[in-house]
Amino acid sequence: MMPTSGRFSHPDGNLPPPERRRRLDEYGSVEELYSYSSTSSTSAGGRGAAGLPVHAQRSHGDIFQELISRRAHDMISGAQDVVAGAGMIREETQRQNRALRGENDTLRACVDMLLAEAGGGGSTGGGGGGSSGGSSGVSPFQSSPMQLLSAARGVRDRNHQRELALSAAAATAESALRAERNRREGAEVEARLSREAASSSRQARGRRQNQQQQVVGRGYLGETFSMALRALKREKAYFMDAVEDRKRAERALAEERADRRQAETAARTALQEERTRREQAESLAKCVICSTRRRSRALLPCGHLVMCDRCPVVSTCPICDQQVRRTMPGTLS
């Protein structure tokens, strides 16, 4: 059984002192309301301290319900705005991703074409000797293929960084959307619990007023009045139990949200690790020269598999720096 005197605790006990004092003043206590109603009914003949009828005065439960309804309405409106903003961000991110993919495809096709031209020019120029080197018909792309490859790699890396930034922005928007959805659900639960508490308060207040009118109208005093007072105290204890149940429900809801956030964080970390591992494996399987095709040619005599079948042959191995004599086909195990 809860204590039957003094102000009861409020679920918003973590609010600053002015706000908590205002909430407690709105709640009041059952004993104060009972003493106020009994004194006003006996002294003013059924009228309040201000001389107004009892039904014309605004109750504390109605004021609290109105405040909670306004708060829930504001939170739901903010959640709708955040949902709309997240949708716009997601659409813009998808559009930019499509544009970047098209640009990457075009750039990759251009690099492949230029590499093919550079390889053809190198093979024909090698047979011509010094006389063909001084010819005026040699293309600038054939004279510096490594510079062209470096520029293409730089553009590709920048596009990749932009794609990663857009993906991070989309993930942030999704996280904000989920958080706002959780806050909106909490606001709805809080509004429902507040309506139930206000309804219980109104019912208890109505029963108390009926009992007071019966006591005053029939002229019962003494034991009858004490019995009515004990009944009111029991109702107050029941109300306090309902408040404690609400606190426990809120704590359980907070723990469930924390567990859900922890699970989402663990899943996101595992997904990021898997993506990093896959990217590392793909980068190790790509040609060290063009970084676009898989390795399919091994260098001899060292035997390192570092090139694809379209890139020009290098003079030394990029891994062990040995002189390359020839190449042979090979595959990664």
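Note: Cβ is positioned from N, Cα and C throughout, glycine not excepted.
For reference, TrEMBL has these:
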- 246-273: coiled coil (COILED)
- 121-136: compositional bias 'Gly residues' (COMPBIAS)
- 138-147: compositional bias 'Polar residues' (COMPBIAS)
- 177-195: compositional bias 'Basic and acidic residues' (COMPBIAS)
- 196-215: compositional bias 'Low complexity' (COMPBIAS)
- 287-321: domain 'RING-type' (DOMAIN)
- 1-22: region 'Disordered' (REGION)
- 121-156: region 'Disordered' (REGION)
- 176-215: region 'Disordered' (REGION)
Beyond the flanks of the compositional bias 'Basic and acidic residues' (177-195) by 6 or more, those residues with Cβ under 8 Å of it
64-65, 68-69, 71-72, 75-76, 78-79, 82-83, 86, 246, 249-250, 253, 257, 260, 264
Checking distant contacts: for the coiled coil (246-273), what same-chain residues at least six beyond its ends satisfy Cβ-Cβ under 8 A?
11, 171, 178, 182, 186, 189-190, 193, 197
For the coiled coil (246-273), report the average pLDDT of the model, please.
91
Take the compositional bias 'Low complexity' (196-215) and count its residues per DSSP category (helix H/G/I, strand E/B, coil), listing them in that order.
20 helix, 0 strand, 0 coil
